[in-house]
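Scroll down for the structure; my scribbles are underneath it.
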C-alpha cells in the first residue's frame, strides 16, 4: 500500500503539493489567525468535583466573585505614609477617574481610601490596596483587564507613593503574555538554529530545507485545526505552545528520516520513481506508525476530566498527525521533482560508502555494548533507577503566580499582597452551605473555624440569599491545601444540609485526586495499545515488551530529574524559576509526551533491524545494521528536538520549562545510553528470543509489509546458448562450470540463526548476493552432475 502510494505521489508530484499547501494555507488564513480570540484560560479543574459544584452554585446565586480580579497596591517609601491626606485625595481621584473612564469594563472599586478601613492598610501605614472588580465572565474578564491595564497604574501621587498591580486576572494575563513570548522565541531562535543543524547534517541547502517545509506547514495547519476546535469546545491557551513545540519538533524529525532514506535510495543507483516509492514504503511507513504511537500516547489524555488536558490532546494529535501526513504526501512529491537535485548547493561532500557502515561509530558503539552486554545492561539500568529516586519526594500543586519568573513585577506584587494582607488572599478556601437554618449554620461555622492552617476565621462572602451562604477564609501555606480540605471534609454536617467545599485550594486538591484516579487507566490503555501496534510492526511480542520496559525506565528517570529541579530547586537560580510543587496536569502531559517520543524513536531504530533480519541476517548483525543506519539520524533528530525544546526552556512560564526540560532530559537519555547502548545490549542477551511471536502475529505483520524493503527485480537476460553443432567423437565433452561456493555464514551467527540462514539459501547460492540468475536447464545439469 505504501509503495503504491509512493508511485502515486511521484505521478502527481506537482498536483499533490499544490493542493495540500493551498489547503493548509487557506485553513490557517481563515481559521488559524482567529485562534488567539478563541482560546481559554480555564479548564484546569475537574468539572464533576464537589468544588466545581460549589463554584456553580455561588455563580448562579450571587454572580461571579470578582473581588480579587485586580489588586492595586499603593506603597510609600520608608519614613512616609499612604495615610497622608494629600495621598488619600490623589488616590481617590485616580480610582474615581478609572471607573468613570471604563464603565463597560469595571464593575466596582473598593479601597482603603474610601472610608479608611484599617483592614485595608498595613500597620506601618506604608501599604494600602484597592480591589477592582471586572465585568464579564470567563474570557471576557481577561479582555476587560486588558482594556484597563494601562490606566490602572499611576505615578501622579504625592509623597513618592508608587502603585503596583496584582490579582488573579493580572496573574492570568502575565501567564498568557509569557506563553505568547514562547512562540515568538521559537520562531526567532529555534527555526534558524534548526536550519543550521539540518544544513550540517545533510550538507546540502536543498535537503536541509525539506524538513523545514514540513515543520512550517505542520504548525500552520495544526493551529488552524486547533482554532476550529476552539470555536466548538474549550481550548486552553497553553495548547498553542505545546502544539508549536511538538508539531515543529516532530515534523522536522519525520522530514529528516524521509530525506535521509530518499538520499540513501538515490545513492544506491535507483531511478527517481522507484527511489520515491521505496522511501515511502520504508521510511514513510515507519513515520506513519511512529506517529501513531505518539498519537496513542497523547490520546490517553482523553481519560481525564480536565478540559485543559483534552484541549492539549486535540492540538497535539492534530500536529503529530499532520506532520506524518505531510511527510508521506508533500515530501515524496517534492522528491519526485528534485531527484538528484536533493543534494544541490552542497557545502560538503555528502556521498557515503555504504560498504563501510560497520566502521562508523554508530556500529562500533552497539558492537562494544554487545561485547559487554551484561555489564552495560546492569550499569545503565542502575543509573536510570538512581535518577528515579528524587521522584519519591514529588509534591503537587496548582497554577499560581509562582509559575512566573521571580523577577516578574506581577508576581512580586502578588507576593507582597499575600504577605501584607493574608485575610484578603485572592485564592480563599470556601464553604458553600445550602438548606441550613441559623442554628445549623452556626454549628458548621464553629466547626470550620476549628480547622488548623487558616489565616483567620471564616466570614461570609455575601449575605445569605435563597438559603445559600458562602463562607471564606485564607490558607496560611498553599502547600497545606490538602490537609485543610481533609479537615473540612470531616465536618459533621446536620441532616438535610448541603456543604460544598470550594475555592481555588479545593479545586486544586480535587483536580489532583481526579488525575491520580484516572492515571492507572491511562497507563493501561497506552501500554496495551502501543504493545499491540509494535507487535504488528515488528512481528514480535518480545521487542514491544522490551521497548515498553525501557520506556518506563527512561520515563522514571526523566520525572526524577524534573522533581530534583522543580521541587528540590536544582538549577533554579540558573534557569530563573522558583522551586515548588509540580502542577499535576502538566506532569501527566509530560508522561504522555515522553512515552510517545520514546516509542517513536524505538520504531525508527528497530524497524531497520527488522529489515536486516528479514534479509536473513544474524541477530547481532541486524542489531548493528539497524543502529548504524539510524544512529546518526536519531541523534540528529534528538538534537533538533532539543534545540526546539531549548527555545521553550527559556520560557517565562514554569509550566513550559517543565515540558521543555522534561523533553530535553528524555531525549538525551533516550538517544544516547538507551537507544545506542541499552537496546543493543539487551537484544544481544535475548538472542533469538527477540523475534518470537505466535504465527498469527507474524502473518499479520507480513500482511502489513513492515520491515521488508520492496525489491524491484531486474528482468534477467537469458544466458546465450551455444549452437547445437555435432562435435567429433574424439573430442571430449566440455567440462561443466564449477559449482559456485556456498555463501559464507554471516559473522556472529549463532546456532539459532542456522534455520533462518538456510531459508535464504537455495542450491548452495545466496539469494541475497547472487545477481546472476542461472538458466533452468543449466541448473538441472549441474544438479545431476553433483548427484553423481
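The backbone N, Cα and C atoms fix where each Cβ goes, glycine too.
All annotation found in TrEMBL is predicted automatically rather than curated by experts.
When TrEMBL is compared with the stretches 155-179, 280-304, 405-429, the one noted as transmembrane segment is 280-304. The stretch that TrEMBL tags with transmembrane segment, taken from the ranges 188-217, 458-487, 488-517, is 188-217. With a threshold of 8 Å between CB atoms, the same-chain residues lying at least 6 positions outside the transmembrane segment (656-678) that come near it are 178-179, 182, 241-242, 245, 362, 365-366, 369, 376-377, 380-381, 383-384, 550, 553-555, 557-559, 561-562, 565-566, 575, 577, 582-583, 586-587, 589-590, 593-594, 597-598, 601-602, 605, 627, 631, 634-635, 637-638, 641-642, 645-646, 648-649. Summarising model confidence by region, the domain 'SSD' (208-337) averages a pLDDT of 92. For the transmembrane segment (280-304), the partner stretch with the highest count of Cβ pairs under 8 angstroms, out of 12-30, 522-543, 587-607, 628-650, is 587-607.
Sequence-distant neighbours of the transmembrane segment (548-567) (same chain, 6+ residues past either end, Cβ-Cβ under 8 Å): 381, 383-385, 387-391, 393-395, 527, 530-531, 575, 577, 579-582, 587, 590-591, 594-595, 598-599, 602, 654, 657-658, 661-662, 665-666, 669-670, 674, 678-679, 682. Sequence-distant contacts of the transmembrane segment (237-259) (same chain, six or more residues past either end, CB-CB distance under 8 Å): 35, 39-41, 176, 179, 182-183, 186, 190-191, 194, 198, 201-202, 207, 210-215, 217-219, 222-223, 226, 279, 283-284, 286-287, 290-291, 294, 308, 311-312, 314-316, 318-320, 322-324, 326-328, 331-332, 335, 342, 589, 593, 600, 604, 633, 636-637, 640-641, 644-645, 648, 651, 655-656, 659-660, 663. For the transmembrane segment (628-650), the partner stretch with the most Cβ pairs below 8 Å, chosen from 12-30, 188-217, 316-339, 375-394, 587-607, is 188-217.
Among the listed stretches 12-30, 316-339, 587-607, the one sharing the most Cβ pairs under 8 Å with the transmembrane segment (188-217) is 316-339.
Long-range contacts of the transmembrane segment (316-339) within its own chain (CB-CB distance under 8 A, at least 6 residues past either end) are made by residues 2, 5-6, 9-10, 12-14, 16-17, 20-21, 206, 210, 213-215, 217-219, 221-222, 225-226, 229, 239, 242-243, 246-247, 250-251, 254-255, 257-259, 262, 266, 272-273, 275-276, 279-280, 284, 287-288, 290-292, 294-295, 298-299, 593, 596. Note on the domain 'SSD' (208-337): DSSP counts are 116 helix, 1 strand, 13 coil.
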